[in-house]
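Record features (TrEMBL):
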type: BINDING; residues: LEU113, GLY117, HIS118, LEU119, SER361, PRO362, PHE363; note: (6S)-5,6,7,8-tetrahydrofolate binding site
type: DOMAIN; residues: 3-392; note: domain 'Serine hydroxymethyltransferase-like'
type: MOD_RES; residues: LYS222; note: N6-(pyridoxal phosphate)lysine
type: SITE; residues: HIS221; note: site 'Plays an important role in substrate specificity'
Amino acid sequence: MKRDQLIFDLIAKEEDRQKRGIELIASENFTSKQVMEAAGSVLTNKYAEGLPGKRYYGGCEVVDSIEQIAIDRAKELFGATWANVQPHSGAQANAAVFLACLNAGDAILGFDLSHGGHLTHGSPVNFSGKLYEPHFYGVEESTGLIDYDKVEKKALEVKPKLIICGASAYSRDWDYERLRSVADQVGAILLADISHPSGLIARGLLNDPLEYCHVVTTTTHKTLRGPRGGLILMREDFPNPFGIKTPKGELRKMSSILDSGVFPGTQGGPLEHIIAAKAIAFQEALSDEYMQYVLQVKKNAAEMAEAFVQKGYQLISGGTDNHLMLIDLRNKNLTGKIAEETLGKVDITINKNMVPFDTKSPFVTSGMRIGTAAVTTRGLKEADMKKIVELIDQSLMHHEDDAALKDVKASVNEWMVQFPLY
Ligand code: PLP
């Protein structure tokens, strides 16, 4: 077969883009070479519907070992007693949990998308908002923080079957204990979607959701620094509250219902090449080196947040506890769209983001979201965060001055050469 040079040239172009720029998208990271090697391996050729030891296909001995290792490492990393490593993505992990825990039309209560929640937590354009009855809680306009009394009030009012916590753009830690008491009052299952801060949680740098939440989902490619994928975890298995029985008439455990939610519920064959890459990433995340990494991610975010505040930028909630921050650009007379486009011109990648109570459309927005997971992998430290804020500020303050932007871009490219990637 002729080599598809068109695609390989584009991959090389993307690698060059990643190398020469400053990556600040909060959901992105750079995996290790061994993670990519596994993701590009012969395992992509194998069908393996089912679970290790219980497959619907022959020839699964090797992938059984790999998937079992991934499961065991995920459990060790998060202190879980059960894990499913098959979800193809974070959205798939959530879809599997929803299918397992809910009937169509059931009420759910999630964090508002426009306040930092995720599409899969009940957005009307997503399966979660179309198939179920979505209700939302949000942050306070004055503080940018969640008021847990209001979450409780809302839960008592709408009686959700599932309460979802976790977010895509919330820079503060969560009170899982309080949310569990709310869930218990209304008989809801509590799901934490820790896609963003899962690496920090795994290494004890934020509150532990597994202690209080029935079920936890995460992506594996953000702070966790693995391949693109999803994961579902439980600290303790529990009898399902739906009375679903096994063929022998025994009450099925939640673990078994969740496994079915993934396959055959929402997916077919698992991606064993990605599962192998997840196994490697989990092992990496258990290392001392990764511990140093997540500590630095947090330090870098705190330093960067402080540098933005010093320059008069308004951070939602005033700062950050994790790897990301959400910045309201209205006092700078800028939109998220202008910020994203301007910074794109200087090879600094961020994303525009709605801020709570935003009056602009999602295509324009009043804010930008920034995270430190990727630049920390690249080797940048606290002093570098100040320099990044300087470069961002220079660009935004001269967003109509092409010559000034050209100078910033040259500085960015020259600087990044000093932090080799791959
Ligand atoms: N959940 C949260 C909180 C997220 O931030 C994201 C992705 O940004 C997802 C789920 C979805 O993950 P994926 O893009 O892998 O489907």
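Here the Cβ of each residue, glycine as well, is placed from N, Cα and C on the backbone.
Keep in mind that this is a model prediction, so the values were computed, not measured.
Shown on the structure are the features that TrEMBL records.
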{"residue": "LEU113", "record": "(6S)-5,6,7,8-tetrahydrofolate binding site", "DSSP (3 states)": "helix"}
{"residue": "HIS118", "record": "(6S)-5,6,7,8-tetrahydrofolate binding site", "DSSP (3 states)": "coil"}
{"residue": "HIS221", "record": "site 'Plays an important role in substrate specificity'", "DSSP (3 states)": "coil"}
{"residue": "SER361", "record": "(6S)-5,6,7,8-tetrahydrofolate binding site", "DSSP (3 states)": "coil"}
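Separation of the C-alpha atoms of LEU119 ((6S)-5,6,7,8-tetrahydrofolate binding site) and LYS222 (N6-(pyridoxal phosphate)lysine): 17 Å, rounded to the nearest whole number. The binding-site residues near ligand 1, defined by a Cβ under 6 Å from one of its atoms, are HIS118, chosen from LEU113, GLY117, HIS118, SER361, PHE363.
Within its own chain, PRO362 ((6S)-5,6,7,8-tetrahydrofolate binding site) has MET354 as residues 6 or more apart in sequence whose C-beta sits under 8 angstroms from its own. Taken together, the residues in the domain 'Serine hydroxymethyltransferase-like' (3-392) have a mean pLDDT of 97 on the 0 to 100 scale. Largest Cα-Cα distance over the residues recorded as binding (6S)-5,6,7,8-tetrahydrofolate, namely LEU113, GLY117, HIS118, LEU119, SER361, PRO362, PHE363, equals 17 Å.
All protein chains included, PHE363 ((6S)-5,6,7,8-tetrahydrofolate binding site) registers 9 other Cβ atoms within 10 Å of its own Cβ.
The two recorded residues, GLY117 ((6S)-5,6,7,8-tetrahydrofolate binding site) and the residue listed as 'N6-(pyridoxal phosphate)lysine', show a Cα separation of 16 Å. Across the structure, HIS221 (site 'Plays an important role in substrate specificity') and LEU113 ((6S)-5,6,7,8-tetrahydrofolate binding site) place their CA atoms 21 angstrom apart.
Counting only same-chain residues at least 6 apart in sequence, those with a Cβ under 8 Å from the Cβ of LEU113 ((6S)-5,6,7,8-tetrahydrofolate binding site) are LEU119, HIS121, GLY122, SER123, PHE136, MET354.
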